[in-house]
Structures are given as C-alpha cells and as structure tokens.
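Engineer: Sharing a structure below in structure tokens format, with a few things to ask.
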Amino acid sequence: MAAGLRKRGQPASVGQPAGIWKQWLQRAWQERYLLLREPRYTLLVASCLCIAEVGITFWVIHRVAYTEIDWKAYMAQVEGFINGTYDYTQLQGDTGPLVYPAGFLYIFTGLFYATDRGTDIPMAQNIFAVLYLVTLVLVFLIYHQTSKVPPFVFFFMCCASYRVHSIFVLRLFNDPVAMALLFLSINLFLAQCWSWGCCCFSLAVSVKMNVLLFAPGLLFLLLTQFGFRGALPKLAICAALQVVLGLPFLLENPIGYLSRSFDLGRQFLFQWTVNWRFLPETIFLHRAFHLALLAAHLSLLLLFALCRWHRTGESILALLKDPSKRKVPPQPLTPNQIVSILFTSNFIGICFSRSLHYQFYVWYFHTLPYLLWAMPARWLTHLLRLLVLGLIELSWNTYPSTSFSSAALHLCHAVILLQLWLSPQFFPKSMQPSRKTH
C-alpha cells in the first residue's frame with residue numbers, strides 16, 4: 001500500500017519544481033513595484049541587469065569604434081620589461097614614461113601574451129568586457145550585503161552610462177583592473193577576511209595608485225577592529241606585497257622605481273582636466289593650489305574621522321588600544337560601517353583631486369548610488385538624487401570639458417558631501433555613548 005502511494009506521488013514530485021517556479025513568477029509579477037524599491041530584491045534585479053549587460057557590452061564592442069589612447073603605450077612598456085629592462089626610468093611608451101607600480105606590469109604582461117603581443121584588439125576588448133561583468137558582480141554583492149539602495153537605481157549604474165562602457169571596452173585603460181581588485185578586497189572585508197582583503201587591496205594599489213584614496217578609511221577600520229598592535233600585521237601584508245612585487249625593480253634602481261610608480265607630485269595637463277576647467281591654467285598648475293587642495297583633503301578626512309566615523313564617546317586615541325581594553329565593549333563592524341567609511345574616504349579624495357581625467361570616472365562611479373541613497377536625508381528626494389547622478393554623468397560625458405560642466409560636477413560633489421555630513425551613520429546602538437537617565 002505504501003509502495004503504491006509512493007508511485008502515485010512521483011508525478012507530483014516531478015511537477016513540483018515547475019509549480020514553485022510558476023508561483024515565484026506570479027509573486028514577482030504581483031510585487032513588481034516592490035522589486036524596484038525594496039533592497040531585498042537586489043540580487044534578482046542585479047541578475048537581470050547583468051544578463052542585459054552581456055548583450056549591451058558586446059553590442060558596444062561590435063558597433064562602436066575602438067579608440068587608441070594608452071593601450072599601445074602599455075604594451076610598449078610591458079615589452080621593455082619582457083626584454084629585460086628593470087630600470088623603471090628606462091621603461092617608456094608612446095605617451096611617456098611608465099608611472100604605474102609593478103603589479104600593473106605583471107597583469108598587463110599576461111594581457112600582452114593573451115592578445116598576440118598586444119595586436120589583437122578584439123581579444124583585448126572581450127577580456128575587458130568580462131572584467132566589466134566581473135566588476136558588476138562584485139559591486140552588486142556589496143550592495144546586497146548593505147541592503148540600503150533601491151534596485152531601480154542599478155539601472156542607471158549599469159545600462160545608462162556610456163562613459164563607463166567606453167572606459168572598459170573602447171579605451172582599455174588600467175583603471176578598471178585596479179577597481180575590480182579593490183571591489184574584491186571590499187567583499188573580503190565584508191566576509192571578515194581582513195588579511196586576504198588587505199592582500200587584494202595592496203594588489204589593487206600595485207596596479208594604480210588611486211586606490212590609496214581608500215587607505216585612510218581602511219586604516220580607520222583596521223584600528224577600530226583590531227587596535228594598533230592588531231592592525232600592524234594587516235598593514236605589514238600591504239607593505240610586504242608591494243616590496244615583493246617591486247623587488248626586481250628595487251634591486252635595479254630603487255629611487256627610479258619609487259619616484260616613477262609612486263609619484264605624488266606628478267603634474268597633470270590642463271587640457272585633460274574634467275573638474276577644474278573654470279580655473280585659469282596658471283592657477284591650475286600652481287604649487288600653492290595643489291597644497292591648498294591637499295590641506296582641504298586631509299582636514300575633511302580628519303573631521304569625518306573625528307565627528308562622523310568615530311561615535312563611541314571615547315577619544316579617537318582609544319582606537320590605538322586593544323579592543324578588549326576599551327571602555328565601550330567591542331562590536332563587530334557592520335557591512336554598512338565598512339562600506340560607508342571606505343566609500344566616503346575615496347569620495348573625499350575625489351572631491352579634492354588636483355585633476356580628474358575621463359578614465360578616472362571609474363574611481364567612484366560604482367560607489368555613487370550608495371553615497372546618494374544609503375544615507376537617509378529627507379531634503380534629498382529620489383528625484384533630486386537622480387538629478388545629481390544625471391548631472392555627474394553629463395559632466396563626465398562633456399568633451400572637451402567646459403567651465404559649466406566642471407562647476408556642475410563640483411556642485412554635485414558638494415551636495416553629496418553635505419548629505420554625508422548631515423546624515424546619521426550606521427553604528428549599532430551599543431556603540432553609541434550611553435546617556436544617563438534623569
């Protein structure tokens with residue numbers, strides 16, 4: 001009898017997955033408006049957008065002409081390295097000397113061989129298309145864990161940005177490689193894999209130095225999580241990887257390697273600036289202007305560290321103590337604490353950059369939805385946030401830049417900074433200073 005019941009039940013079990021899918025689709029259709037508004041649907045919306053991006057990205061590759069800017073220079077620099085030149089001052093390309101750390105050379109050496117010594121441009125574009133999709137997946141995983149941004153915003157982050165598609169698959173810059181590694185490191189931080197995260201962070205720095213804009217936020221997080229002594233091994237990982245990657249060049253010409261790959265005083269050309277077009281060129285190139293921007297950058301970082309990131313009621317010097325010896329009981333960092341501090345640290349650096357070139361857009365493009373929507377602000381409606389996002393995209397798509405586009409970009413940055421300063425931060429109640437009841 002039991003066997004007969006099992007036999008009659010088998011057809012139902014076969015049809016059960018189809019029934020579940022039907023119910024799920026019906027529920028999704030009924031809640032289609034919630035799909036666009038509720039962060040819990042991030043992964044579902046992200047999956048659909050990633051599938052759409054496969055078609056869009058490869059359509060761009062086949063329909064829009066490739067533009068040569070730096071790729072040939074990258075390949076010439078790599079070829080010099082392959083031929084045995086380890087003196088960084090001797091590595092040159094069509095656009096000038098090599099100014100990126102050693103990790104860039106190793107990664108682009110792989111691309112050199114994968115693209116027939118850099119001559120197979122369609123293959124290079126396909127590789128960067130895959131890199132773009134991987135970057136999207138890493139970014140969506142971050143947004144899924146923070147659960148703060150409504151999914152409808154992701155359409156503007158994906159399908160609506162011509163400039164970002166261009167940077168990845170039509171220009172083949174090294175900036176996307178560095179940012180993909182950076183987003184991988186943030187995912188590792190969110191998974192509490194701090195050592196591996198620091199390793200990936202250092203690898204990202206070794207591709208392009210702009211990733212150091214995240215470093216103040218990362219240092220704050222490491223001190224918060226581990227204290228000074230506990231953070232030292234993580235910082236040692238970052239430093240050791242830089243030494244190991246740069247060792248062949250450090251042994252050949254240490255001063256040449258450090259001065260070229262980590263040149264903090266590098267001069268930018270006024271003709272390519274996106275953010276300071278409204279200034280006279282003499283002011284743009286003046287050393288006093290650069291020092292003023294650096295002072296403003298460091299001052300605002302300090303203000304955020306003191307007043308926005310550190311909210312325990314203790315002195316900020318308490319971060320140097322072992323967490324178990326602090327007055328406020330240590331609490332694990334939440335995903336929103338980690339992401340908000342890292343993204344804010346980078347954004348402050350962007351706001352006070354001496355110059356932003358068009359490929360630098362990817363330095364913060366994928367963080368903008370979080371910066372605009374994760375921090376609650378009643379005065380900034382969805383429409384106003386979209387307007388800010390649209391003006392930023394318009395500014396980066398204006399070529400050549402104009403006084404108006406540069407001013408609009410700074411205005412949008414100021415709105416975001418104001419929101420970051422005024423909005424409440426993501427700290428657990430147990431970490432807030434206790435108030436005596438009267």
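Note: Cβ is positioned from N, Cα and C throughout, glycine not excepted.
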Engineer: From 62-79, 98-115, 404-421, which range did TrEMBL mark with transmembrane segment?
Structural biologist: 98-115
Engineer: Could you name the stretch, out of 127-146, 180-205, 211-228, 288-307, 361-381, with the greatest number of CB pairs under 8 A to the transmembrane segment (41-61)?
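Structural biologist: Looking only at 127-146, 180-205, 211-228, 288-307, 361-381, the most contacts with the transmembrane segment (41-61) come from 127-146.
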Engineer: Sequence-remote contacts (6 or more beyond its ends) of the transmembrane segment (361-381), Cβ cut-off under 8 Å?
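Structural biologist: The answer is 135, 139, 142-143, 146, 148-150, 153-154, 156-157, 161, 163-164, 167-168, 173, 175-176, 179, 183, 210, 213, 336, 339-340, 343-344, 346-347, 350, 388-389, 392, 396, 415-416, 419-420, 422-424.
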Engineer: Using Cβ atoms and a strict cutoff of less than 8 Å, what residues sit near the transmembrane segment (288-307) while being 6 or more residues removed from its termini?
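Structural biologist: Same-chain contacts beyond the flanks: 216, 220, 279, 316, 344-345, 348-349, 351-354, 417, 420-421.
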Engineer: Can you tell me which parts of the same chain pack against the transmembrane segment (98-115), counting only residues 6+ beyond its ends and a CB-CB cutoff under 8 A?
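Structural biologist: Residues packing against the transmembrane segment (98-115) from afar: 74-75, 77-79, 81-82, 88, 91-92, 121, 123-124, 127, 174, 177, 203, 205-209, 242, 245-246, 248-249, 257, 260-263, 266.
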Engineer: So which residues does the transmembrane segment (211-228) touch in its own chain, when a touch means Cβ under 8 Å and the partner is 6 or more beyond its ends?
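Structural biologist: Result: 178-179, 181-182, 189, 194, 198, 201, 204-205, 234-235, 301, 305, 309-310, 319-323, 333, 337-338, 341-346, 348-350, 363.
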